[in-house]
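Record features (TrEMBL):
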COMPBIAS  77-88  compositional bias 'Basic and acidic residues'
REGION    77-98  region 'Disordered'
REGION    124-145  region 'Disordered'
COMPBIAS  129-145  compositional bias 'Basic and acidic residues'
REPEAT    337-372  repeat 'WD'
REPEAT    432-472  repeat 'WD'
Amino acid sequence: ELLQSEFLNEPRDNLEEREAAIELRERIEEEELLLEFLLLVQRRKQEVADRLQDTISFLCSDIAEVMKQQAILKEKGNSCMDPGKDDNSTSNLPSINIVDIDDSSSLGSRKRFRPGLRVPNVEECGDNLETRQKSDTQTENRESFLQKSSRLMKNFKKLEAAYFLTRCRPVKQSGKPSCRQTPLNSDGRGSIVMTERSSVNNLTSKESCSESLESGWINPFLEGLCKYLSYSKLKVKANLKQGDLLNSSNLVCSLGFDRDAEFFATAGVNKKIKVFECDAVINQNRDIHYPVVEMASRSKLSSICWNSYIKSQIASSNFEGVVQVWDVTRSQVLTEMREHEKRVWSIDFSSADPTVLASGSDDGSVKLWSINQAILLLHLMDGASICTIKTKANVCCVQFPSESGRSLAFGSADHKIYYYDLRNSRIPLCTLVGHHKTVSYVKFVDANTLVSSSTDNTLKLWDLSVSNSRVIDTPLQSFTGHMNVKNFVGLSVSDGYIATGSETNEVFIYHKAFPMPALTFKFNDMDPLSGQEMDDAAQFISSVCWRGRSSTLVAANSTGNIKILEMV
């Protein structure tokens, strides 16, 4: 009775209840933990799904926009192909069909034929010829499309990343939107583009503006994609064969075309400036190509630059820190400037003001020179600089923008690029930070875009129009694929294409729209005894230069091997 009494059994029941309650609480907490985990997974997946839905949404809108533009172009093409009904003078003539022949050797040529006209006794021959021509054209177009499609799929991931980067980047508006009132020319008519829109009601102008903002990425991306896929390889047009056997080293440090892209000059450690006529080198297959002009310097040459206004004027810099201006027609020095204390790496003439020359040196200074003033002072003293910018590190490259002589960019051994307004040379307008090693070259792609080369294996593209702050640390694009860790390998820009060398003895061509190479070309020297190609790992490309805005460029390597290449 005592053991079964209420006094002893009540705590036991309470203990079991408490244990059951504790176990239940633990189960509830475990369920809550599982629920929290599942809700977190759901939230994250929902965020991914929302982003994916947004991506699919603007992909659909982009596809619709592209199809809309394609339909408009097709409609315009069909209207251009139809004969004018109101034009009585041409209504009775047979229609002319135009077949574009997509061939690099006959770019822009067109085959015209009139099916309504018949030539006696050669109808069948003509039909067969046209059938073959159509078949050949279709085959060529198909092969070209497959080739471009293959290259597109090979770089699909990078092109996709570039598309999203371009798509999400805000479209820059230059001044006011293009939907403002149509400006009139002197003859009372608007421009070609605005005349086509003249039928649009002014009430829809705001909608047009918003549409242009949404579709503003299409043209830049399409232009970049087309240019990226326009060429399939680099073809050798000529090998420059020189008979300079007295110099053990023929390293070419600099190449440059003159004002009209008719002549190009070479300079390097052989202490000579050699000028060649480009077309003569391409068209004449000789054992040895002799320069049109040859000028000797007292020291190894590091850089040359033609004057963009005076065709016969070229400037050079050397390892002793001397800057010289030459008259090519007379093969003599016009003036020389000796203010630099160490080697001068780079010089550049201003295109906007061709009397101004800039130089950058190992002494940590950038100097501006007035050529006219230097020539006047030649008989009295060495040319005097008109401005000096001092930095804390070696200056490796200088460059004027083509549209302005009041701005200057230069790269330095402190891994930075400095952009100056020369009206205030005390502090830089902005500093570009992003490279991890010495900046060896800077070139302007356009007035607001700059490309830089560094020994960190990269090229970087910078937008100077966003220079609201003193420091820009986010480049528009980083180009990788070539190798450059210790040498100057050259950099040149033309119509959005960027050429650079590599320490693998290759020439790389990029387009500003995409981070991967569009084309490459391997330099291989010929063994003079066996005639076989040799591959020397110690050789590297030392200089490249485009021929104006053409698809032709000149490239040289560390042994003095110079080739004229063309994109085809």
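Note that the numbers count up from 1, one per residue, in the order the chain is shown.
Any Cβ shown, glycine's included, is placed from N, Cα and C.
Under DSSP, the residues of the repeat 'WD' (432-472) split into helix, strand and coil as follows: 3 helix, 23 strand, 15 coil. Among residues of the same chain six or more beyond the repeat 'WD' (337-372), those with a C-beta under 8 A of the stretch's C-beta atoms are 302-310, 313, 315-325, 382-406, 408, 410, 422.
Per DSSP, the secondary structure of the repeat 'WD' (337-372) breaks down as 2 helix, 19 strand, 15 coil. For the repeat 'WD' (432-472), the predicted model reports an average pLDDT of 91.
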